[in-house]
Amino acid sequence: MAVSEHTADVSHAMITTPVATADWLVVSPIIITILGGVICLMMRKQTKIQPRIAIATLGLLMLSNFGLLARVMDKGVITMVMGQWLPPYGIAFTVDATGAMLALIASIVAFATALYGVGDSDAASRRYGFYPFLMLLMTGVSGTFLTGDIFNLYVWFEVLLISSFGLLILGSDKAQLDGAVKYGILNLIATTLFLIATGYLYGLVGTLNMADIPRSVAALPNHAPITTVAMLYLLAFAMKAAAFPVNFWLPASYHTPRIAVAGVFAGLLTKVGIYALMRTMVMLLPVHHALLAHVLAVVAVATMISGALGAMAQSDLRRALGYLVISSIGSMLAGIAVSTALSLTGTILYAIHSIIVMTGLYFVTGMAGRMSGTFALRELGGLYGKSPLLALAFIILAMSFSGLPPTSGFWAKVLLVDASLKSDWPWLAGSILVAGFLTTIALARIGLYAFWRGGPEGTPDGTAFAYAENADMTAPDVTAAYTGMWLALGLLVGLSLFIGLAPDGLVAIAKTGAAGLVDPSGYIGSVFGGTGGHP
Amino acid sequence: MEAGFAVLIGFIFAASIYLMLSRQLIRILLGISILGNAVNLLIFTAGRLEREVPPVIPDSSLVPVGATANPLPQALILTAIVISFSFFAFLLVLAFRTYQELGTDDANEMRVAEPKGEARPPMGY
């Protein structure tokens, strides 16, 4: 029997108006990075051309994200639904100020990493996929920041996780394999917990659209076990963000890959967890967040203090940085625990600052290690004499990380402390300050031993250690490699200083983002239209 | 039927957690594989169970007539199966390479990245 003529009216099931051209910016980060990654993969053996493609692609990604942020600040939250299904049925990409800003900063850091990688990645690691994986990692990171569907968020988490596996084991030496086993297994368990929570949430509310979830949750009967879901999300994302009792994968793995990889991991991956925590705990489940606020606050304090103390106890520079990543996560968690518009502004600003500065610190460490041939604090020394510019970059980044003016870290900490005091969490504010003091000590010790003193342990005071002329520094093709590293480092240091000196624009964006998280009516309106859409 | 499934899923979760608490890498991996399947079954059950009624809408109507099986959990599970399968494959190869390189599959003895008895950092300020 022939299929009967069927001209159903689809207007109540599908969006019939075409997407505005400028709104394609919402998905362009995904398209750009996948294309760039695929092209680099096809040119696997052209190790000289790969960096150029990657730098061009990630430069384009930066421009696209900049355009997206400008449009979000101009028009408010933007939504694009895949397949034009009427929400909540299709997978929606919904971009608010928080997502757009973090996507922009992430793309800047990825661009800096591609520049740094020109000198840091050798032909072998490029053949095994340094640049393709970097760009596919950015696909996952961008997708995470832009999607408006909780199951889709899980998929992007997995995209960035599998790319990070590839980056982590470039070179496959023993330490990398050892670190990758722990990183891989624990992160996979974390994303599986995320999936479990999402399954339960779907079973309770029957929707996965992040604009649809808040009101569906509000309509649930009182006895619905949604606190279980909130707790599972908290555990899953705390694991991803490396919060205190569930962070052992981070110090076990972050010092093993090449520095370019470690830098981009330290900058982006844990902050993705923080972002997801803000989305789920603050925007989707605010009532259950209130129940867990004290848990979050205690975890935050334990994370920031243990991280700072851990950093002081390390004799390897890269491992000390791993603990500093953990310490910075604690401060962001403090903002999420307080969960007012002001504290979330602080968390968003701190995330932006921390993405820039953590990556910068890894780059400084990488260059210091390259110049002196070691990362051991006992064997380092005299770097100030060797490269005053590197010492300057370190000092600026160290001040920024500790929260001293005139750098980006200062404003982020001011906002967090102010918000904690205003919401009657004095011990939380005090902990942020104590953790800041401890990280100052940890970083000052690194500065003292690696940069300031005359040479490695045993060099008499007042004398400068005569380094054997390092062949690395003078060989012509290697100085070219240093150019990319200096450019990358300069970009990040400059950005941190710029935010420190002129924070107004960024604070305004972070405020808009935080307000949208506390009161998601703009987010919901963007997905369902002014009427509220589907009942 | 959901209640029976819930108990079954509980047993599968228990088995996977028991395996993941082991020190042997291969048991941890088997635990992870079982965990993935437990989650898939959980999502399937969370979408409510319905016997073989395909969600096909008849020509004369715009919505399904009567209760049909929920197609969305099946789409979610399909995605999750592909992802967990690829991760399992990767981790299996990674574990084997690690076993070859480090000569052990005991998680307690894998101390290359974080060696025991490392030199203390320089003391003083």
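Glycine is treated like the rest: Cβ placed from N, Cα and C.
All TrEMBL annotations are machine predictions without curation.
As written in TrEMBL, here are the features:
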- A:149-439: domain 'NADH:quinone oxidoreductase/Mrp antiporter transmembrane' (DOMAIN)
- A:53-70: transmembrane segment (TRANSMEM)
- A:90-116: transmembrane segment (TRANSMEM)
- A:128-147: transmembrane segment (TRANSMEM)
- A:153-171: transmembrane segment (TRANSMEM)
- A:183-205: transmembrane segment (TRANSMEM)
- A:225-250: transmembrane segment (TRANSMEM)
- A:259-278: transmembrane segment (TRANSMEM)
- A:320-342: transmembrane segment (TRANSMEM)
- A:348-368: transmembrane segment (TRANSMEM)
- A:389-405: transmembrane segment (TRANSMEM)
- A:425-444: transmembrane segment (TRANSMEM)
- A:480-502: transmembrane segment (TRANSMEM)
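Cβ atoms under 8 Å from those of the transmembrane segment (A:225-250) belong to residues 157, 182-183, 186-187, 189-191, 193-194, 196-197, 200-201, 204, 217, 269-274, 276-277, 280-281, 285, 288-289, 291-292, 295-296, 299-300, 302-303, 306, 322, 325-326, 329-330, 332-333 of the same chain, restricted to positions at least 6 beyond its ends. The list of residues near the transmembrane segment (A:425-444) in space but at least 6 beyond its ends in sequence, with Cβ under 8 angstroms from a Cβ of it, reads 297, 300-301, 304-305, 307-309, 311-312, 320, 323-324, 327, 330-331, 334, 337-338, 398, 401-404, 413, 416-417. Residues 98, 101-102, 105-106, 108-109, 112-113, 116, 120, 258-260, 262-264, 266-268, 271, 274-275, 278, 317-318, 321, 324-325, 328, 331-332, 335, 375, 380, 383, 387, 390, 393-394, 397-398, 400-401, 408-409, 411-413, 415-416, 450-451, 482, 485, 488-489, 492-493, 495-496, 499, 503, 506-507, 510, 513-514 of the same chain lie 6 or more positions beyond the ends of the transmembrane segment (A:348-368) yet place their CB under 8 Å from a CB of it. Between the transmembrane segment (A:389-405) and the stretches A:153-171, A:259-278, A:480-502, the greatest number of Cβ pairs separated by less than 8 Å involves A:480-502. Here the listed stretches are A:90-116, A:128-147, A:183-205, A:259-278, A:480-502, and the one with the most C-beta pairs under 8 angstroms to the transmembrane segment (A:153-171) is A:128-147. With a cut-off of 8 Å between Cβ atoms, the residues of this chain six or more beyond the transmembrane segment (A:480-502) that come close are 51, 108-109, 111-113, 115-120, 352-353, 356-357, 359-360, 363-364, 366-367, 389, 393, 396-397, 400, 405-411, 473.
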